[in-house]
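Q: For reference, TrEMBL lists these features for the protein:
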type: DOMAIN; residues: 27-478; note: domain 'Major facilitator superfamily (MFS) profile'
type: TRANSMEM; residues: 21-40; note: transmembrane segment
type: TRANSMEM; residues: 82-105; note: transmembrane segment
type: TRANSMEM; residues: 112-132; note: transmembrane segment
type: TRANSMEM; residues: 171-192; note: transmembrane segment
type: TRANSMEM; residues: 204-223; note: transmembrane segment
type: TRANSMEM; residues: 285-307; note: transmembrane segment
type: TRANSMEM; residues: 319-343; note: transmembrane segment
type: TRANSMEM; residues: 355-374; note: transmembrane segment
type: TRANSMEM; residues: 386-412; note: transmembrane segment
type: TRANSMEM; residues: 424-448; note: transmembrane segment
type: TRANSMEM; residues: 454-474; note: transmembrane segment
Amino acid sequence: MAGGAMTDTDCAHKNYPGKMTIFVFLACLVASSGGLIFGYDIGISGGVTSMDSFLIKFFPSVYAKEKEMVETNQYCKFDSELLTLFTSSLYLAALIASLFASVITRKFGRRITMLGGGVIFLVGAILNGAAADVAMLIIGRILLGIGVGFSNQAVPLYLSEMAPARMRGMLNISFQLMITVGILAANLINYFTDKIAGGWGWRVSLGLAAVPAVIMAGGSLFLPDTPNSLLSRGKENEARAMLRRIRGTDDVGPEYDDLVAASEASKAIENPWRTLLERRYRPQLVMSVLIPTLQQLTGINVVMFYAPVLFKTIGFGGTASLMSAVITGLVNMFATFVSIATVDRLGRRKLLLQGGVQMIFAQFILGTLIAVKFGTAGVANISRGYAIVVVLCICVFVSAFAWSWGPLGWLVPSEIFPLEIRSAAQSVVVVFNMAFTFFIAQIFLMMLCHLKFGLFYFFGAMELTMTGFVFFFLPETKGIPIEEMDRIWGKHWYWRRFVAAGAGGKVEITSTV
């Protein structure tokens, strides 16, 4: 079975009755607003660090270096550890916060975790907008990071548990769609606030992070908890009533029985972290580590964090660089709709493989374009036409990510974990996502300075590796009920050696087969 692909016959599964209800749609729409705070921060960071007034106030040495003559090595103009600490401190905070969020999610439910994340993010946004020095700026960033860690831990789980199996991909990807909306909004805001006379536009950009925080926190007050979460906390009657409501039918017996069986297995687990390390959960553990890690090694955050800085580096003016970031933000958002429209029809594997190949070609072409003009010296003047070609190449890369590894990097992990390890495993996903986001953000400017155009070849090689990983080791998960997902591993050519032969390791907890 090449690449671990499986047919519907290979992995038969139940089709629970039910339909997409307005209630589920609205609940998922509100929950997915958690992606707004993550996306807004990704977009806002690179924009404000390209504003002269922001650099003069907080990073004057970077500003002085930026204003040197064009003959300065373009690769190394922005190499500042303090500047990258400002950007990447959020992701280190999110990493640590997600571990605590796992406990809250398991004991108190997904909704409370999202509410807490929104409130903490709001406080961080206020501090950043009012920042008087670098210390205040970084403290605000840390609070933003805690909010991101909480929301990224809870929102994908919430969406996967609320959605009907056949539409889980579309609804879960609404989280990634909101990330792209947040990025685009931030890029547009940066473009206009950069024009504010008096040099205080960066305060508006940073302070407006309060808007998505209020949307998330306010929305969480009205969200119901998922049937899975209610059951795990012993609220059987509420869980059955909620399942009937979100499926739009009273015929929820088979699905409810499977949820109860999963909940009973979950309650028998004293330490989900230790359980996650057991051999039978090896496939899920590997996916929870490698999928978020590889998602960051695409190099997407290099483009989205530092798009304005990157465009300045290759010769765009300040305003032009912010406008180019707006363009990539638009491409990112609209390409995500492609994934929403196709993920439950084509499946996860096809999108990941196609997107991976497209990103490989885009990275190698982009690296070559920059190598031809800047070489290793990092000194060049590029024409308008050449710059447009570079932007187009970046847009090809961004679009590929936006309909493959962007949304699916959150969707696939959130749908493959059994209930007893779900909150712990999702924290592992967030930890590795944020760890490598932090790592890449912290060293990107240094890597650009030392590897020069070779940095794009490096990310291209990573995309080649991850595409091979998907082909050989990731089974298809479309349309499979979330509480039956374990069975795919017993059918996979490699992972079946870790689980009970041909069964998927946890068949004993399901009420019917």
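Note: Cβ is positioned from N, Cα and C throughout, glycine not excepted.
Automatic prediction, not curation, is the source of TrEMBL annotations.
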Q: If we call contact 3 or more Cβ pairs under 8 Å (sequence gap 6 or more), are the transmembrane segment (82-105) and the transmembrane segment (319-343) touching?
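A: These two segments do not touch.
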Q: Can you work out whether the transmembrane segment (454-474) touches the transmembrane segment (21-40), with the criterion being 3+ CB pairs under 8 Å where the paired residues are 6 or more apart along the chain?
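A: Between the transmembrane segment (21-40) and the transmembrane segment (454-474), which are separate recorded stretches, there is no contact, as judged by 3 or more close Cβ pairs.
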Q: Out of 112-132, 204-223, 386-412, 424-448, which stretch touches the transmembrane segment (171-192) the most, going by CB pairs under 8 Å?
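A: Per the Cβ count, the answer is 386-412.
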Q: Over the domain 'Major facilitator superfamily (MFS) profile' (27-478), work out the mean pLDDT and round it to an integer.
A: 86
Q: Please figure out which one of 21-40, 204-223, 355-374, 386-412, 424-448 racks up the most CB pairs under 8 Å against the transmembrane segment (319-343).
A: 386-412
Q: Hey, which bits of the same chain come close to the transmembrane segment (21-40), Cβ under 8 Å, at least six residues off its ends?
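A: Here the qualifying positions are 110, 114, 117-118, 121, 144, 147-148, 151-152, 154-155, 158-159, 162-164, 171, 174-186, 208-209, 212-213, 215-216, 219-220, 222-224, 245-248.
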Q: Tally Cβ pairs under 8 Å between the transmembrane segment (112-132) and each listed stretch (204-223, 355-374, 386-412, 424-448), then give the stretch with the top tally.
A: 204-223
Q: Are there residues at least six beyond either end of the transmembrane segment (355-374) with Cβ under 8 Å to its Cβ atoms? List them, or say none.
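A: Residues 74-75, 298-299, 314, 380, 382, 386, 389-390, 393-394, 396-397, 399-401, 403-405, 452-457, 459-460, 463-464, 466-467, 470.
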Q: Near the transmembrane segment (386-412), which same-chain residues lie under 8 Å Cβ to Cβ, leaving out any that are not at least 6 residues past its ends?
A: 152, 156, 160, 168-169, 172-173, 175-177, 179-180, 287, 291-292, 294-295, 298-300, 303-304, 307, 311, 314-316, 324, 327-328, 331-333, 335-336, 338-340, 342-343, 348, 351-352, 354-356, 358-359, 361-363, 365-366, 369-370, 373, 429, 433, 466, 474, 477
Q: Taking residues 6+ outside the transmembrane segment (204-223), which of them lie with a CB under 8 Å of any CB in it?
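A: Contacts of the transmembrane segment (204-223) (Cβ under 8 Å, skipping residues fewer than 6 from its ends): 27, 30-31, 33-34, 36-37, 40-41, 44, 47-48, 111-112, 114-115, 117-119, 121-122, 124-126, 128-131, 140, 144, 147, 151, 158, 182, 186, 189-190, 193, 196.
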